[in-house]
Structures are given as structure tokens and as C-alpha cells.
Amino acid sequence: MPRQSNEALALRARARHLFLRSRHGHCQSDARVVAGHWTKPEKKKMPAKRIPTSETQEALTAAELEPMTPTEEKKEDNNGKTELKKELGLVEGIAIILGIIIGSGIFISPKGVLKETGSVGMSLVVWVLCGFLSMIGALCYAELGTSIPKSGGDYAYINTAFGSLPSFLFLWVANLIFVPTTNAIMGLTFAKYVIQPFFPECELPNSAVRLLAALAICFLTFINCWNVRLTTRLQNCFMVTKVGALCIVILAGLVTICMGNTQNFENSFEGTKTDPGSIAVSFYSGIFSYAGWNYLNFMTEELKNPFVNLPRAIYISLPLVTLVYVLANVGYLAVLTPTEMLASDAIAVTMADKLFPYCSWIMPILVAVSAFGGLSVHIMTSSRLCFVGARQGHFPDCLALINYKCNTPTPSLFFLGCFSLLYLCTTDIYSLIEYSSFVESLFILISIAGLLFMRWQRPNMIRPIRVNLLIPCAFFLICGFLVFLPLYVRPWEVGMGILITVSGIPAYFLFVYPQNKPALIRKLLDILTVGTQQLFLSVQGDD
């Protein structure tokens with residue numbers, strides 16, 4: 001390593017000294033490093049509030065009540081502050097929602113819906129109802145996101161409504177199990193579709209698949225650490241590719257129907273299953289393809305004018321996704337028979353093999369790009385959940401630091417990236433995602449319960465968007481059915497999910513709840529924080 005100058009060494013020593021003093025309450029100085037120089041900020045002026053507040057909002061923190069104003073691209077125009085920049089407009093918000101929803105699910109999971117419903121007609125009905133369910137859920141989250149304008153999504157809403165312990169348990173499961181396992185599975189899906197054309201009739205080499213998945217996770221984590229704007233531009237490109245792949249499926253199906261091949265739609269409801277368990281499982285398969293409709297709420301603080309752009313992005317994205325998904329399934333069923341769909345593990349690839357045998361390799365590449373784009377959005381949005389939890393004091397302070405050059409939560413991204421790579425080395429990763437999927441649905445139910453609770457407990461709370469009370473009530477009942485039915489259908493998975501969740505309770509009472517932690521733990525956390533500051537050139541963000 002090149003030797004550092006005496007000035008740089010003195011700067012680092014001064015940073016550590018001030019940090020340790022401020023941690024123990026001996027230093028009231030707010031000095032910090034900005035672009036390599038020590039500055040003492042001027043007396044902060046309270047930002048002008050765009051929205052009036054009421055007495056019933058006293059439980060919200062000041063950061064929750066004060067809408068952030070958009071930051072400029074140049075750091076000198078930001079008064080020296082180090083914070084997450086507001087670089088996401090309406091187009092970027094739509095691209096994030098479309099990018100996280102339209103992943104690899106629509107190219108794979110139609111098989112699961114058709115299998116559990118038993119008929120073509122009922123499978124299309126389930127796809128429409130899943131889109132409608134996602135839409136009313138997104139409307140509820142639009143109210144939550146504008147009433148509590150903080151990043152973190154469900155974590156912020158549960159914390160505001162029900163307090164510290166329930167929100168910590170969500171943070172515990174999400175960051176230690178659900179987020180990294182989802183990243184690992186998305187990376188594996190991308191790698192499999194990239195490698196598949198090179199081994200058309202052979203089993204894919206497991207080591208090559210996992211190595212390529214690891215490279216994808218590392219590359220996208222680096223891009224997200226480097227520049228948010230570059231990441232969102234990549235999302236726009238991925239979105240065009242995904243929609244293009246689905247347009248190929250839709251156009252191929254419409255041409256097939258126009259040529260008179262409609263036999264797959266005759267007697268379309270024949271063989272429909274009436275077992276409630278099968279219908280519920282079919283909804284799970286469909287909802288898997290719509291998963292991610294609430295992920296833009298994880299980045300509320302980085303949205304320009306979130307009170308306008310958050311609901312607009314939802315209103316535009318969800319109907320568009322529902323329309324595209326239903327038409328894509330019509331396209332599949334126009335080309336493939338139900339038997340062919342049930343026998344396929346990758347329906348879009350099977351369809352391409354049947355229609356375009358000489359250039360069928362294109363479809364796996366398009367599916368791979370779709371999975372790659374979904375992974376990129378998931379890494380970006382989920383890292384904000386970890387960052388906000390650390391800022392609230394539920395995770396180590398080092399994860400709440402921001403790189404002062406790039407204004408990105410680099411430590412949180414690095415932490416989740418390492419966990420994702422760790423899960424790539426496990427052999428039972430799919431079981432973990434099954435266990436935690438139930439828990440994620442449960443916490444969505446708790447978030448909606450929080451909305452209803454705050455409607456009753458804080459009737460005068462300022463709500464820029466206030467949906468009809470019937471909407472959250474209906475969504476609460478439907479989610480309750482989908483959450484508690486697996487207790488009968490899949491009791492083992494539900495039991496493991498609950499066990500993983502409650503395992504966070506001892507951690508909460510050992511490391512979060514105590515006001516005065518043991519001196520050894522405080523010292524270790526201080527060393528970890530200072531080391532993270534030096535390693536990632538990061539500082540505490542300005543709230």
C-alpha cells in the first residue's frame with residue numbers, strides 16, 4: 001500500500017477521537033469530514049415543512065415528519081451534507097417497480113398456477129385476481145408511504161404503529177434470511193439461463209453456475225455502491241429488455257390465435273379444482289410473480305416529491321404489469337397445450353423452441369437479462385432496509401454509514417452482498433426461502449394492521465393519500481386467509497418460519513433493548529464503526 005501523508009493520518013486519528021468522544025456523550029461537536037477537510041457545520045436551520053403536522057403525530061420522529069428537499073447533483077450545492085440523494089423521479093420509480101416485479105417469475109411460474117387450478121380459464125382468473133390483490137395492497141402502501149415518509153417500507157410502518165420489537169423481528173428475518181437468499185436465488189437463475197445455451201443437452205455444471213451467480217452479485221453490489229443514478233439508468237435498459245421479451249411472447253400468441261389455433265381455450269373451465277387448499281397454493285404461485293410491488297417504499301427518502309411520485313408510480317405500474325402478465329399467459333396457452341406447459345420447467349424457453357427452433361437460444365438470454373435486472377433492483381432497494389434499521393439503532397451503527405463521495409449506503413450493501421455470497425455456498429437455500437416467504441406475508445399483514453390501528457388511534461394524522469377504509473379492511477382479510485391457510489396446508493414450513501422469526505427475540509433483548517450495553521460490547525461496536533468509516537470512506541449521514 002502507498003504510504004499515507006501525515007495530514008491523512010492525523011485526519012483519521014482526529015476522526016476516531018471525535019467519534020469515540022461523541023459516543024460516550026463527552027463531545028457536543030458536530031465536526032465531520034467532507035471531501036477530506038474538517039468542517040464545523042453552521043447552525044442548522046429547520047427545513048420548511050411542506051405538510052402541516054398535528055398533535056396526533058407526536059409519536060413520529062422529526063425525520064418522519066420533515067419531508068426532505070431534493071438534493072442537487074453537485075456536493076457543494078448540498079451545503080456539505082452527507083445523505084442519500086433524491087435522484088429518483090417518476091420514471092425511475094416506475095422502472096424500479098417494473099424491474100422488481102418482472103423478474104424470472106412470469107417466465108417460470110405460470111406452470112404452478114395452471115397445475116393448482118386445473119383449467120385454463122381458472123388460471124387466467126387467478127392471474128387477474130393476483131394483479132387486483134397486488135393493486136389494492138399497493139394502494140394501502142401508498143397511504144402508508146405518504147403518511148410516514150421514511151425509507152424502510154414495512155419496517156418503518158411497523159415501528160411507527162407497534163413499536164420496536166415487532167419491527168426488529170421483521171428486520172431480523174429480512175436481512176439475515178429473506179433478502180440474501182432471494183439475492184442468491186436470483187443470481188442462480190441468471191447464471192443458469194446464461195450457461196444453458198452452452199450445454200443444451202447436458203446437466204449444467206454446478207460450480208460454473210454458482211461462480212457466475214457470485215460474479216453477478218459482486219458486480220451489481222459494486223455498481224450500487226458507486227452511483228445510484230447509473231444504477232437507475234441500467235434499470236431503465238433492463239425494463240425495456242424485459243418488456244421486449246414479454247412482447248415477443250404476446251405477439252406470438254396473438255398471431256397464433258389469429259391463425260385460428262384456439263383449441264386450447266375451448267371448454268376453458270373444464271377440470272377446475274374446487275379444493276380451497278389448491279386454490280390458495282395457486283394464488284401463492286401467482287403472487288410470487290407479482291412480488292415486489294411494495295419495494296419502492298423502501299426508498300421513499302430518495303424519491304423526488306414522494307407524496308406525488310410514489311402513488312403515481314404505483315397507479316401506473318401495477319395495472320400495466322397485470323395487463324402484460326395476463327396477455328403473456330394467453331400467449332403461452334395459445335402456443336403450448338396445458339400438458340406441454342405442465343411438463344416444462346421454463347415455459348418461455350419451451351415456447352421459443354417450438355416456434356423458433358433455429359434461434360431459440362435468444363429466449364434464455366432475454367430471461368437471463370430479466371433476472372439480472374430484477375437482482376439489481378432487489379440489491380438496491382433491500383439495502384435501504386438494512387441502512388434504516390441501523391440508523392434506528394436496531395443494527396450496528398456501522399451499517400448506517402454513508403460513503404461521503406458517492407452518497408450511497410456502502411456498508412449495508414457490502415454486508416448484504418457478503419451474506420448473499422454465503423448463501424450461495426449452501427445446498428438447502430430453497431428451503432430457507434420457503435420458510436421465510438410465509439414470514440414476509442405475515443409482516444405485510446402486520447403492516448396493514450398498523451394502517452388500520454393508526455386510523456383508529458390517530459384519526460387526525462396528516463395523510464396526503466387516504467384510501468377508502470374498505471380497501472385496507474378487504475386486503476387485511478385476504479392476506480389473513482393467505483397467511484393462515486398454510487398452517488393447515490404446509491405446517492412444517494410455517495413452523496420453521498415462526499421459529500426463525502422468534503429467534504430474534506433473544507438478540508433484541510441482549511443487544512438492542514438495554515439502554516446501557518456492557519462496556520466490552522460498546523468498545524467492540526466502536527472499533528467496528530471506526531474501522532468501517534476508514535475502510536469505506538463513510539461518515540454518519542445527516543438526518
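Cβ atoms here come from the backbone N, Cα and C positions, even for glycine.
In TrEMBL, annotation is done automatically, which means it is predicted and not curated.
In TrEMBL this protein carries:
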type     : residues : note
TRANSMEM : 88-108   : transmembrane segment
TRANSMEM : 120-144  : transmembrane segment
TRANSMEM : 156-178  : transmembrane segment
TRANSMEM : 207-226  : transmembrane segment
TRANSMEM : 238-257  : transmembrane segment
TRANSMEM : 277-293  : transmembrane segment
TRANSMEM : 314-335  : transmembrane segment
TRANSMEM : 355-375  : transmembrane segment
TRANSMEM : 413-432  : transmembrane segment
TRANSMEM : 438-456  : transmembrane segment
TRANSMEM : 468-488  : transmembrane segment
TRANSMEM : 494-513  : transmembrane segment
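Comparing 120-144, 207-226, 238-257, 468-488, 494-513 for CB pairs under 8 angstroms to the transmembrane segment (438-456), the maximum falls on 468-488. Between the transmembrane segment (277-293) and the stretches 88-108, 120-144, 156-178, 238-257, the greatest number of Cβ pairs separated by less than 8 Å involves 120-144. The transmembrane segment (207-226) shares the most Cβ pairs under 8 Å with 355-375, out of the stretches 120-144, 156-178, 314-335, 355-375, 468-488.
Counted over residue pairs 6 or more apart, the CB atoms of the transmembrane segment (468-488) and the transmembrane segment (314-335) come under 8 Å in fewer than three pairs, which marks the two as apart. Taking Cβ pairs closer than 8 Å, the transmembrane segment (355-375) reaches residues 99-100, 102-104, 107, 183, 186-187, 189-190, 193-194, 196-197, 216-217, 220, 234-235, 238-239, 241-242, 244-245, 248, 252, 292, 335, 346, 348-349 in its own chain, all 6 or more past its ends.
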